[in-house]
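**Q** Below are the features I grabbed from Swiss-Prot:
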type	residues	note
BINDING	Arg12, Lys13, Gln158	substrate binding site
BINDING	Gly69, Met70, Thr71, Ser99, Asn128, Lys189, Ser214, Thr219, Gly265, Ile266, Arg267, Ser286, Gly287	FMN binding site
BINDING	Glu159	Mg(2+) binding site
Amino acid sequence: MVRPKQSIQSHRKDEHVFLAEKFHQDDRQNDFDGLRFIHQSLPELAIADVDISTQFAGTTWQSPFYINGMTGGSQQTKKLNAQLAQVAQIAGLPMATGSQSVAIKDPTLVDTFSVIREFNPAGFILANIGAGNDLSVAQKAVAMTQANALEIHVNTAQEVVMPEGDREFYWLDQIGEIVANLDVPVIVKEVGFGMSAETIAKLQSVGVTNIDVSGKGGTNFVTIENERRRDKAYDYLSDWGQSTVESLFESQAFQTELTILASGGIRNPLDIVKALRLGASAVGISGQILHMLIKTGPTETAEQLLAWQAQIQSIMAILGARNLTALQSAPMILSPNLRHYLNERHLSL
């Protein structure tokens, strides 16, 4: 039997997974290490008193973290999406798909994304497309997985370094059109380069109310795309962007009006709690969960993520925080580098 030739787009999806795992580092340092909670010896509560649930677009998520957009678009990534959907179902986590643009261009790849709904029929699923797509593409992406919400990713740095990437970035008006007309909530997200206050203000101006600031510190798409280039020409951009912590600082002035989500460089439950303390309503995790899945399989990954939920509850109990609102008042100190960033950007915590 002759196997059908894999498309360029499908091959790229497989390359992304391979390179994300190749460059994954469990012990990688990032700006979450520059945040320290002040220990509270008398929290005056029980662990059972702590509520870790959060609200998103009128729905309650029992966990304050979710599986962020990763993959799909090839037979290999179909298997990964099926396993991730199993993990999401067992652990009770919302889950985002990877970019579905490839399946909208090539309908033979639809099942590499729709498999998520097959394996998690009652779960909260977020569809995913790139900025620059119009309303009809957004509607097709949502229908493909019967999604509860849509992520639109903005990824100029990745596109510039990607050999076959886009070279025109007139995105804002189309984002606004989708937000105004789509039947499900829309999240606009970065892909690991962070967001500035200026970017957040522009998104707010066209009606965006949900933003994932997705900063550097984890999966690095400049490094991944540069590795795919023959000339390796953009290695000097490997540190481009704002960290997730810096991006949460940038979002401070908008947090009462917008729902801010955080992702990028999340390694453990303490990182999640720190992001929630800085104002994130929920925290997305991609690379760390993919690494767990590849190394241990779906059952052990789900068990680990259930353990993370219990550990988040325990950390909040140590801090005397009964819920996420109380957590945002927990005393915290910053490293000199983070304090310098706040000063240079005229921001406050």
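Placement of Cβ uses the backbone N, Cα and C atoms for every residue, glycine included.
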**Q** Rounded to a whole angstrom, what is the C-alpha distance between Gly265 (FMN binding site) and Gln158 (substrate binding site)?
**A** 17
**Q** In sequence order, which residues at least six apart in the same chain have a CB under 8 Å from the CB of the residue listed as 'Mg(2+) binding site'?
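**A** Those within reach of the residue listed as 'Mg(2+) binding site', by Cβ under 8 Å and sequence separation of 6 or more, are Gly165, Asp166, Arg167, Phe169.
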**Q** Determine the most Cβ-crowded residue among the binding-site residues Gln158, Ser214, using a 10 Å radius around each Cβ and all protein chains in the structure.
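**A** Counting every other Cβ within 10 Å of each candidate, the maximum falls on Ser214.
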**Q** Which whole-number value in Å describes the distance between the Cα atoms of Thr71 (FMN binding site) and Gln158 (substrate binding site)?
**A** 15
**Q** To the nearest Å, how far is the Cα of Asn128 (FMN binding site) from the Cα of Gln158 (substrate binding site)?
**A** 16
**Q** At its widest, how many Å does the recorded FMN site span between Cα atoms of Gly69, Met70, Thr71, Ser99, Asn128, Lys189, Ser214, Thr219, Gly265, Ile266, Arg267, Ser286, Gly287?
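**A** Taking every pair among Gly69, Met70, Thr71, Ser99, Asn128, Lys189, Ser214, Thr219, Gly265, Ile266, Arg267, Ser286, Gly287, the longest Cα gap is 23 Å.
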**Q** If I take the alpha carbons of Gly287 (FMN binding site) and Gln158 (substrate binding site), what is the distance between them in whole Å?
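**A** With distance taken Cα to Cα, Gln158 (substrate binding site) is 16 Å from Gly287 (FMN binding site).
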**Q** Counting across all protein chains present, how many other Cβ atoms fall within 10 Å of the Cβ of Gly69 (FMN binding site)?
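**A** Cβ-Cβ neighbours of Gly69 (FMN binding site) within 10 Å number 25.
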**Q** Across all the protein chains here, work out how many other Cβ atoms are within 10 Å of the Cβ of Thr71 (FMN binding site).
**A** 24
**Q** From the Cα of Gln158 (substrate binding site) across to the Cα of Arg267 (FMN binding site), what is the distance in angstrom?
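**A** Just about 22 Å between their Cα atoms.
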**Q** Taking 10 A as the limit, how many CB atoms besides its own sit near the CB of Gly265 (FMN binding site)?
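**A** I count 27 other Cβ atoms within 10 Å of it.
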